[in-house]
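Inspection log for the structure reproduced underneath, given as C-alpha coordinates.
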Amino acid sequence: MLSQAWALALLCFLLSLWGSLPAVFLPQEQALSILHRPRRANGFLEELLPGSLERECREELCSFEEAHEIFRNEERTRQFWVSYNDGDQCASSPCQNGGSCEDQLRSYICFCPDGFEGRNCETDKQSQLICANDNGGCEQYCGADPGAGRFCWCHEGYALQADGVSCAPTVEYPCGKIPVLEKRNGSKPQGRIVGGHVCPKGECPWQAMLKLNGALLCGGTLVGPAWVVSAAHCFERLRSRGNLTAVLGEHDLSRVEGPEQERRVAQIIVPKQYVPGQTDHDVALLQLAQPVALGDHVAPLCLPDPDFADQTLAFVRFSAVSGWGQLLERGVTARKLMVVLVPRLLTQDCLQQSRQRPGGPVVTDNMFCAGYSDGSKDACKGDSGGPHATRFRGTWFLTGVVSWGEGCAAAGHFGIYTRVSRYTAWLRQLMGHPPSRQGFFQVPLLP
(Lines of atoms letter the chains of each structure in order from A and count residues from 1; the text may use other names and numbers.)
(Lines give C-alpha, C1' and ligand atoms only; values in the text may rest on other atoms or scores of the structure.)
Protein backbone atom coordinates (compact mmCIF):
# COMPACT_ATOMS: atom_id res chain seq x y z
CA MET A 1 0.00 0.00 0.00
CA LEU A 2 2.88 2.34 0.84
CA SER A 3 4.65 1.54 -2.40
CA GLN A 4 1.56 2.39 -4.39
CA ALA A 5 1.35 5.79 -2.69
CA TRP A 6 5.00 6.57 -3.59
CA ALA A 7 4.41 5.56 -7.22
CA LEU A 8 1.37 7.80 -7.45
CA ALA A 9 3.27 10.77 -6.00
CA LEU A 10 6.14 10.30 -8.49
CA LEU A 11 3.69 10.17 -11.42
CA CYS A 12 2.06 13.43 -10.32
CA PHE A 13 5.47 15.15 -10.06
CA LEU A 14 6.48 14.10 -13.60
CA LEU A 15 3.18 15.30 -15.03
CA SER A 16 3.72 18.72 -13.44
CA LEU A 17 7.16 19.00 -15.10
CA TRP A 18 5.79 18.13 -18.55
CA GLY A 19 3.79 21.31 -18.60
CA SER A 20 6.84 23.49 -17.92
CA LEU A 21 9.27 21.98 -20.51
CA PRO A 22 8.45 24.37 -23.43
CA ALA A 23 9.65 27.29 -21.29
CA VAL A 24 13.16 25.83 -21.22
CA PHE A 25 13.66 26.30 -25.00
CA LEU A 26 13.80 29.76 -26.63
CA PRO A 27 12.67 30.72 -30.09
CA GLN A 28 15.50 30.78 -32.68
CA GLU A 29 15.73 34.58 -32.98
CA GLN A 30 15.97 34.99 -29.21
CA ALA A 31 18.57 32.27 -28.94
CA LEU A 32 20.81 33.93 -31.57
CA SER A 33 20.59 37.27 -29.82
CA ILE A 34 22.18 35.94 -26.65
CA LEU A 35 24.94 33.77 -28.16
CA HIS A 36 27.45 35.35 -25.86
CA ARG A 37 29.52 33.33 -23.48
CA PRO A 38 29.60 35.08 -20.10
CA ARG A 39 32.40 34.65 -17.70
CA ARG A 40 31.21 32.96 -14.53
CA ALA A 41 32.83 32.30 -11.22
CA ASN A 42 34.10 28.83 -10.60
CA GLY A 43 32.08 26.82 -8.20
CA PHE A 44 33.52 25.52 -4.96
CA LEU A 45 34.21 22.06 -6.39
CA GLU A 46 35.83 23.51 -9.57
CA GLU A 47 38.33 25.47 -7.50
CA LEU A 48 39.50 22.20 -6.01
CA LEU A 49 40.21 20.66 -9.44
CA PRO A 50 43.54 21.23 -11.32
CA GLY A 51 43.45 23.92 -14.08
CA SER A 52 41.94 22.75 -17.37
CA LEU A 53 42.43 24.73 -20.61
CA GLU A 54 39.22 23.36 -22.05
CA ARG A 55 37.14 24.14 -18.97
CA GLU A 56 38.75 27.46 -17.99
CA CYS A 57 39.28 29.12 -21.39
CA ARG A 58 37.21 27.26 -23.98
CA GLU A 59 33.94 26.67 -22.17
CA GLU A 60 34.32 29.97 -20.31
CA LEU A 61 36.30 33.21 -20.63
CA CYS A 62 39.49 33.07 -18.60
CA SER A 63 41.89 35.74 -17.33
CA PHE A 64 45.65 35.91 -17.90
CA GLU A 65 46.17 34.73 -14.32
CA GLU A 66 43.94 31.71 -14.87
CA ALA A 67 45.80 30.85 -18.07
CA HIS A 68 49.09 31.17 -16.20
CA GLU A 69 47.82 28.70 -13.60
CA ILE A 70 47.26 26.22 -16.42
CA PHE A 71 50.59 26.66 -18.29
CA ARG A 72 52.71 27.51 -15.23
CA ASN A 73 55.21 29.16 -17.64
CA GLU A 74 55.39 32.88 -18.46
CA GLU A 75 56.50 32.54 -22.10
CA ARG A 76 53.98 29.82 -22.98
CA THR A 77 51.25 31.78 -21.24
CA ARG A 78 52.02 34.94 -23.25
CA GLN A 79 52.13 33.00 -26.53
CA PHE A 80 48.71 31.53 -25.74
CA TRP A 81 47.32 34.84 -24.49
CA VAL A 82 48.22 36.77 -27.65
CA SER A 83 46.45 34.18 -29.79
CA TYR A 84 43.52 33.77 -27.35
CA ASN A 85 42.88 37.45 -26.75
CA ASP A 86 43.75 38.90 -30.20
CA GLY A 87 43.38 36.03 -32.64
CA ASP A 88 46.19 34.38 -34.58
CA GLN A 89 47.57 37.00 -36.98
CA CYS A 90 49.55 34.28 -38.76
CA ALA A 91 46.45 32.23 -39.56
CA SER A 92 46.26 33.68 -43.08
CA SER A 93 49.92 32.74 -43.81
CA PRO A 94 50.97 36.30 -44.76
CA CYS A 95 54.70 35.52 -45.15
CA GLN A 96 55.67 34.76 -48.74
CA ASN A 97 58.58 32.93 -50.35
CA GLY A 98 59.03 30.48 -47.49
CA GLY A 99 59.14 33.08 -44.72
CA SER A 100 58.17 32.03 -41.19
CA CYS A 101 55.53 33.96 -39.25
CA GLU A 102 55.51 34.95 -35.57
CA ASP A 103 52.21 36.13 -34.11
CA GLN A 104 52.21 39.49 -32.32
CA LEU A 105 49.54 41.56 -30.61
CA ARG A 106 47.43 42.93 -33.50
CA SER A 107 50.38 42.27 -35.80
CA TYR A 108 52.93 39.70 -36.94
CA ILE A 109 56.59 39.44 -37.91
CA CYS A 110 57.92 37.62 -40.96
CA PHE A 111 61.37 36.08 -40.81
CA CYS A 112 62.56 35.98 -44.42
CA PRO A 113 64.87 33.41 -46.02
CA ASP A 114 68.12 34.56 -47.61
CA GLY A 115 67.56 36.61 -50.73
CA PHE A 116 64.19 38.08 -49.72
CA GLU A 117 63.08 41.09 -47.72
CA GLY A 118 60.05 43.25 -47.04
CA ARG A 119 57.08 43.19 -44.66
CA ASN A 120 55.87 39.86 -46.10
CA CYS A 121 59.19 38.69 -47.64
CA GLU A 122 57.71 39.78 -50.96
CA THR A 123 60.83 41.47 -52.37
CA ASP A 124 63.50 39.51 -54.17
CA LYS A 125 66.75 41.30 -53.31
CA GLN A 126 68.26 40.29 -56.63
CA SER A 127 65.58 42.24 -58.47
CA GLN A 128 66.57 45.37 -56.50
CA LEU A 129 70.25 44.96 -57.37
CA ILE A 130 70.44 47.69 -60.00
CA CYS A 131 73.06 50.34 -60.69
CA ALA A 132 70.68 53.14 -59.72
CA ASN A 133 70.37 51.62 -56.24
CA ASP A 134 73.60 52.28 -54.28
CA ASN A 135 75.72 51.73 -57.41
CA GLY A 136 74.45 48.14 -57.49
CA GLY A 137 76.67 47.38 -54.50
CA CYS A 138 79.74 47.64 -56.76
CA GLU A 139 82.98 49.05 -55.38
CA GLN A 140 83.76 50.91 -58.60
CA TYR A 141 81.80 50.62 -61.84
CA CYS A 142 78.34 49.14 -62.38
CA GLY A 143 76.85 47.95 -65.67
CA ALA A 144 73.53 46.41 -66.70
CA ASP A 145 72.87 43.41 -68.92
CA PRO A 146 69.26 42.75 -70.05
CA GLY A 147 69.71 39.02 -69.54
CA ALA A 148 72.08 38.70 -66.60
CA GLY A 149 71.13 41.85 -64.67
CA ARG A 150 73.68 44.16 -63.13
CA PHE A 151 77.39 43.40 -63.16
CA CYS A 152 80.41 45.13 -61.61
CA TRP A 153 83.69 46.03 -63.27
CA CYS A 154 86.86 47.85 -62.31
CA HIS A 155 89.10 50.68 -63.47
CA GLU A 156 92.31 49.94 -65.34
CA GLY A 157 94.90 48.71 -62.85
CA TYR A 158 92.29 46.83 -60.80
CA ALA A 159 90.73 43.36 -61.07
CA LEU A 160 87.27 42.21 -60.04
CA GLN A 161 87.37 39.81 -57.11
CA ALA A 162 85.55 36.53 -56.53
CA ASP A 163 82.69 38.25 -54.69
CA GLY A 164 81.77 40.00 -57.93
CA VAL A 165 81.75 43.49 -56.40
CA SER A 166 85.22 44.26 -54.98
CA CYS A 167 88.21 45.60 -56.93
CA ALA A 168 91.82 44.82 -55.99
CA PRO A 169 94.90 46.56 -57.46
CA THR A 170 96.92 44.65 -60.03
CA VAL A 171 99.75 47.20 -60.18
CA GLU A 172 101.99 48.64 -57.50
CA TYR A 173 100.69 52.19 -57.79
CA PRO A 174 97.08 52.11 -59.05
CA CYS A 175 95.16 55.31 -59.64
CA GLY A 176 93.04 56.77 -56.87
CA LYS A 177 95.04 55.34 -53.98
CA ILE A 178 97.27 57.28 -51.58
CA PRO A 179 100.36 55.08 -51.12
CA VAL A 180 101.54 56.64 -47.86
CA LEU A 181 98.12 55.96 -46.32
CA GLU A 182 97.71 52.52 -47.86
CA LYS A 183 100.95 51.51 -46.19
CA ARG A 184 99.54 52.70 -42.88
CA ASN A 185 96.52 50.41 -43.42
CA GLY A 186 94.23 53.28 -44.25
CA SER A 187 93.34 56.59 -42.68
CA LYS A 188 90.53 59.10 -42.50
CA PRO A 189 90.00 61.33 -45.55
CA GLN A 190 91.71 64.74 -45.34
CA GLY A 191 89.98 67.26 -43.12
CA ARG A 192 88.15 70.19 -44.01
CA ILE A 193 93.70 77.20 -50.34
CA VAL A 194 91.16 79.46 -48.25
CA GLY A 195 90.05 78.07 -44.91
CA GLY A 196 91.78 74.77 -45.67
CA HIS A 197 94.51 72.76 -44.01
CA VAL A 198 97.95 71.70 -45.08
CA CYS A 199 97.77 68.47 -47.05
CA PRO A 200 100.19 66.14 -45.22
CA LYS A 201 103.20 65.21 -47.29
CA GLY A 202 102.32 62.50 -49.81
CA GLU A 203 98.57 62.60 -49.17
CA CYS A 204 97.75 64.51 -52.38
CA PRO A 205 100.01 62.44 -54.66
CA TRP A 206 98.25 63.41 -57.93
CA GLN A 207 98.67 67.16 -57.39
CA ALA A 208 100.78 68.80 -60.12
CA MET A 209 102.27 72.29 -59.99
CA LEU A 210 102.61 74.05 -63.34
CA LYS A 211 105.47 76.55 -63.47
CA LEU A 212 106.17 79.21 -66.07
CA ASN A 213 109.71 80.55 -65.99
CA GLY A 214 110.08 78.95 -62.56
CA ALA A 215 107.02 80.65 -61.00
CA LEU A 216 103.69 79.10 -60.03
CA LEU A 217 101.22 79.36 -62.90
CA CYS A 218 98.42 76.90 -62.14
CA GLY A 219 97.61 73.55 -60.65
CA GLY A 220 96.98 70.28 -62.42
CA THR A 221 96.13 66.61 -61.88
CA LEU A 222 98.23 63.61 -62.82
CA VAL A 223 95.99 61.07 -64.60
CA GLY A 224 98.79 58.96 -66.08
CA PRO A 225 102.60 58.83 -65.90
CA ALA A 226 102.86 61.30 -68.80
CA TRP A 227 99.52 63.12 -68.62
CA VAL A 228 98.23 66.07 -66.60
CA VAL A 229 94.72 67.59 -66.72
CA SER A 230 94.42 71.33 -66.07
CA ALA A 231 92.31 74.36 -67.07
CA ALA A 232 92.42 75.92 -70.56
CA HIS A 233 92.38 79.49 -69.24
CA CYS A 234 95.80 78.94 -67.64
CA PHE A 235 97.43 79.03 -71.09
CA GLU A 236 95.61 81.92 -72.77
CA ARG A 237 98.58 84.29 -72.54
CA LEU A 238 101.29 81.68 -72.92
CA ARG A 239 103.89 82.94 -75.38
CA SER A 240 106.43 80.14 -75.16
CA ARG A 241 105.69 76.53 -74.27
CA GLY A 242 109.41 75.91 -73.78
CA ASN A 243 109.42 77.62 -70.38
CA LEU A 244 106.47 75.59 -69.04
CA THR A 245 107.16 72.70 -66.67
CA ALA A 246 105.12 70.41 -64.41
CA VAL A 247 106.31 69.35 -60.97
CA LEU A 248 104.97 66.22 -59.24
CA GLY A 249 105.71 65.20 -55.66
CA GLU A 250 105.89 68.85 -54.59
CA HIS A 251 104.79 69.82 -51.09
CA ASP A 252 106.73 72.69 -49.51
CA LEU A 253 107.71 75.36 -52.06
CA SER A 254 110.35 76.82 -49.76
CA ARG A 255 112.64 73.81 -49.82
CA VAL A 256 113.61 70.69 -51.73
CA GLU A 257 112.33 67.60 -49.90
CA GLY A 258 113.33 64.78 -52.26
CA PRO A 259 110.18 63.40 -53.94
CA GLU A 260 109.88 66.29 -56.44
CA GLN A 261 109.97 65.37 -60.14
CA GLU A 262 109.99 68.20 -62.71
CA ARG A 263 109.16 67.54 -66.37
CA ARG A 264 108.97 69.78 -69.41
CA VAL A 265 105.50 70.07 -70.98
CA ALA A 266 105.62 68.77 -74.56
CA GLN A 267 101.99 69.28 -75.61
CA ILE A 268 99.12 71.50 -74.54
CA ILE A 269 95.74 70.42 -75.92
CA VAL A 270 92.54 72.41 -75.40
CA PRO A 271 89.06 71.95 -76.91
CA LYS A 272 88.58 73.76 -80.20
CA GLN A 273 85.28 75.00 -78.77
CA TYR A 274 87.06 76.87 -75.96
CA VAL A 275 86.98 80.65 -76.49
CA PRO A 276 89.69 82.69 -74.69
CA GLY A 277 88.15 85.00 -72.13
CA GLN A 278 85.09 82.76 -71.80
CA THR A 279 84.45 80.12 -69.13
CA ASP A 280 82.87 77.22 -71.03
CA HIS A 281 84.96 74.13 -71.95
CA ASP A 282 87.68 75.22 -69.53
CA VAL A 283 89.81 72.07 -69.63
CA ALA A 284 93.25 71.21 -70.99
CA LEU A 285 95.35 68.07 -71.38
CA LEU A 286 99.14 68.29 -71.05
CA GLN A 287 101.59 65.65 -72.21
CA LEU A 288 104.93 65.57 -70.40
CA ALA A 289 108.15 65.22 -72.36
CA GLN A 290 109.09 62.23 -70.16
CA PRO A 291 106.83 60.19 -67.85
CA VAL A 292 107.23 60.60 -64.10
CA ALA A 293 108.16 57.65 -61.90
CA LEU A 294 105.22 56.58 -59.77
CA GLY A 295 105.97 56.10 -56.08
CA ASP A 296 104.85 56.82 -52.54
CA HIS A 297 104.53 60.58 -53.21
CA VAL A 298 103.53 60.51 -56.90
CA ALA A 299 100.43 58.58 -58.04
CA PRO A 300 97.67 59.28 -60.58
CA LEU A 301 94.04 60.12 -59.89
CA CYS A 302 91.43 57.92 -61.62
CA LEU A 303 89.61 59.42 -64.62
CA PRO A 304 86.13 57.97 -64.01
CA ASP A 305 83.64 56.47 -66.40
CA PRO A 306 81.13 59.26 -67.30
CA ASP A 307 78.00 57.40 -66.17
CA PHE A 308 79.62 56.53 -62.85
CA ALA A 309 80.68 60.16 -62.39
CA ASP A 310 77.22 61.56 -63.16
CA GLN A 311 75.06 58.94 -61.44
CA THR A 312 77.17 58.10 -58.39
CA LEU A 313 80.08 60.46 -57.73
CA ALA A 314 77.95 63.57 -58.30
CA PHE A 315 75.91 62.62 -55.23
CA VAL A 316 78.87 62.33 -52.88
CA ARG A 317 78.45 65.32 -50.60
CA PHE A 318 82.07 66.44 -50.04
CA SER A 319 85.10 66.41 -52.32
CA ALA A 320 88.70 67.59 -51.91
CA VAL A 321 90.20 70.63 -53.66
CA SER A 322 93.94 71.28 -53.36
CA GLY A 323 96.58 73.76 -54.48
CA TRP A 324 99.13 76.43 -53.57
CA GLY A 325 96.82 79.36 -54.33
CA GLN A 326 96.45 82.53 -52.30
CA LEU A 327 95.42 81.94 -48.70
CA LEU A 328 93.21 85.04 -48.79
CA GLU A 329 91.84 87.41 -51.43
CA ARG A 330 94.89 89.50 -52.46
CA GLY A 331 96.89 87.52 -49.92
CA VAL A 332 100.17 85.63 -50.14
CA THR A 333 100.54 82.32 -51.92
CA ALA A 334 100.58 79.21 -49.75
CA ARG A 335 104.04 77.86 -49.01
CA LYS A 336 102.76 74.32 -48.44
CA LEU A 337 100.17 72.41 -50.42
CA MET A 338 96.70 73.12 -49.02
CA VAL A 339 93.56 70.99 -49.20
CA VAL A 340 89.93 71.76 -48.37
CA LEU A 341 86.76 69.67 -48.43
CA VAL A 342 83.91 71.48 -50.19
CA PRO A 343 80.25 70.44 -50.55
CA ARG A 344 78.78 70.07 -54.01
CA LEU A 345 75.69 72.11 -54.82
CA LEU A 346 72.58 71.01 -56.64
CA THR A 347 72.50 72.11 -60.28
CA GLN A 348 69.39 74.27 -59.75
CA ASP A 349 71.09 76.17 -56.91
CA CYS A 350 74.12 76.74 -59.12
CA LEU A 351 71.97 78.06 -61.98
CA GLN A 352 70.03 80.30 -59.62
CA GLN A 353 73.29 81.86 -58.46
CA SER A 354 74.27 82.43 -62.08
CA ARG A 355 70.99 84.22 -62.86
CA GLN A 356 71.52 86.57 -59.92
CA ARG A 357 74.62 88.04 -61.61
CA PRO A 358 73.40 89.92 -64.70
CA GLY A 359 76.21 90.29 -67.19
CA GLY A 360 78.43 87.83 -65.31
CA PRO A 361 79.72 84.44 -66.51
CA VAL A 362 77.02 81.91 -67.31
CA VAL A 363 77.02 78.52 -65.61
CA THR A 364 76.53 75.85 -68.29
CA ASP A 365 75.94 72.10 -68.19
CA ASN A 366 79.70 71.68 -68.54
CA MET A 367 80.23 73.10 -65.04
CA PHE A 368 79.11 72.55 -61.46
CA CYS A 369 79.28 74.59 -58.25
CA ALA A 370 80.87 73.67 -54.94
CA GLY A 371 81.76 75.54 -51.77
CA TYR A 372 80.25 77.34 -48.79
CA SER A 373 77.79 80.21 -49.05
CA ASP A 374 79.49 81.99 -46.12
CA GLY A 375 82.78 82.07 -48.03
CA SER A 376 84.69 80.21 -45.32
CA LYS A 377 86.49 77.75 -47.63
CA ASP A 378 87.27 77.98 -51.33
CA ALA A 379 89.86 77.71 -54.07
CA CYS A 380 91.71 80.89 -55.06
CA LYS A 381 94.10 82.33 -57.64
CA GLY A 382 96.88 79.84 -58.22
CA ASP A 383 94.60 76.86 -57.53
CA SER A 384 93.16 77.07 -61.07
CA GLY A 385 93.48 73.85 -63.02
CA GLY A 386 93.81 71.81 -59.83
CA PRO A 387 91.74 68.75 -58.93
CA HIS A 388 88.27 68.42 -57.51
CA ALA A 389 88.71 64.84 -56.24
CA THR A 390 85.88 62.63 -55.00
CA ARG A 391 86.33 59.55 -52.83
CA PHE A 392 84.05 56.54 -53.29
CA ARG A 393 84.52 53.32 -51.34
CA GLY A 394 88.21 53.87 -50.81
CA THR A 395 89.19 55.09 -54.30
CA TRP A 396 89.59 58.72 -55.43
CA PHE A 397 88.35 60.00 -58.81
CA LEU A 398 88.80 63.24 -60.77
CA THR A 399 85.36 64.87 -60.90
CA GLY A 400 86.21 68.51 -61.57
CA VAL A 401 88.86 71.05 -62.55
CA VAL A 402 89.15 74.31 -60.61
CA SER A 403 87.88 76.83 -63.17
CA TRP A 404 86.66 80.21 -61.97
CA GLY A 405 84.89 82.13 -59.23
CA GLU A 406 84.15 85.66 -58.09
CA GLY A 407 86.89 86.50 -55.64
CA CYS A 408 88.35 84.02 -53.18
CA ALA A 409 85.83 82.63 -50.69
CA ALA A 410 83.53 85.60 -51.28
CA ALA A 411 80.36 85.41 -49.18
CA GLY A 412 77.34 84.44 -51.25
CA HIS A 413 79.44 83.00 -54.08
CA PHE A 414 80.62 79.49 -54.83
CA GLY A 415 83.52 78.06 -56.78
CA ILE A 416 82.87 76.92 -60.35
CA TYR A 417 84.41 73.68 -61.62
CA THR A 418 84.66 72.12 -65.06
CA ARG A 419 82.57 68.93 -65.12
CA VAL A 420 85.16 66.32 -66.11
CA SER A 421 82.57 63.69 -67.11
CA ARG A 422 81.72 65.86 -70.14
CA TYR A 423 85.27 65.47 -71.44
CA THR A 424 86.24 61.92 -70.41
CA ALA A 425 85.90 60.43 -73.90
CA TRP A 426 87.83 63.36 -75.43
CA LEU A 427 90.63 63.02 -72.86
CA ARG A 428 90.90 59.25 -73.26
CA GLN A 429 91.02 59.47 -77.04
CA LEU A 430 93.86 62.00 -76.90
CA MET A 431 95.80 59.96 -74.34
CA GLY A 432 95.47 56.93 -76.58
CA HIS A 433 96.25 58.76 -79.83
CA PRO A 434 98.08 62.04 -79.08
CA PRO A 435 99.24 64.46 -81.79
CA SER A 436 102.44 63.28 -83.46
CA ARG A 437 104.37 66.47 -82.76
CA GLN A 438 104.94 68.79 -79.85
CA GLY A 439 103.21 72.14 -79.44
CA PHE A 440 99.90 73.80 -78.65
CA PHE A 441 96.81 72.18 -80.16
CA GLN A 442 93.11 72.88 -80.38
CA VAL A 443 91.27 69.61 -80.88
CA PRO A 444 87.48 69.45 -81.46
CA LEU A 445 85.41 67.74 -78.81
CA LEU A 446 83.80 64.43 -79.70
CA PRO A 447 80.18 64.63 -80.87
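Think of each number as a place in line: the chain as shown, counted from 1.
Quick reminder: no glycine exception, Cβ is built from N, Cα and C everywhere.
The disulfide entry in Swiss-Prot for Cys110 points, among Cys90, Cys95, to Cys95.
Per Swiss-Prot, the residue annotated O-linked glycosylation site among Ser92, Ser240, Ser436 is Ser92.
Comparing Glu75, Glu102, Glu117, Glu257 with the features listed in Swiss-Prot, the residue bearing the annotation 4-carboxyglutamate is Glu75. Among the candidates Cys369, Cys380, the disulfide partner that Swiss-Prot records for Cys350 is Cys369.
Checking the candidates Glu54, Glu182, Glu260 against Swiss-Prot, the annotation 4-carboxyglutamate falls on Glu54. Within the set Glu56, Glu139, Glu250, Swiss-Prot records 4-carboxyglutamate at Glu56. In the three-state DSSP classification, Glu66 (4-carboxyglutamate) falls within a helix. For Cys112 (disulfide bond), applying a Cβ distance below 8 Å and a minimum sequence separation of six or more within one chain yields Cys95, Asn97, Gly99, Gly118, Cys121. In the predicted structure, the domain 'Gla' (41-85) carries a mean pLDDT of 67. The distance from the Cα of Cys57 (disulfide bond) to the Cα of Cys110 (disulfide bond) comes to 28 Å.
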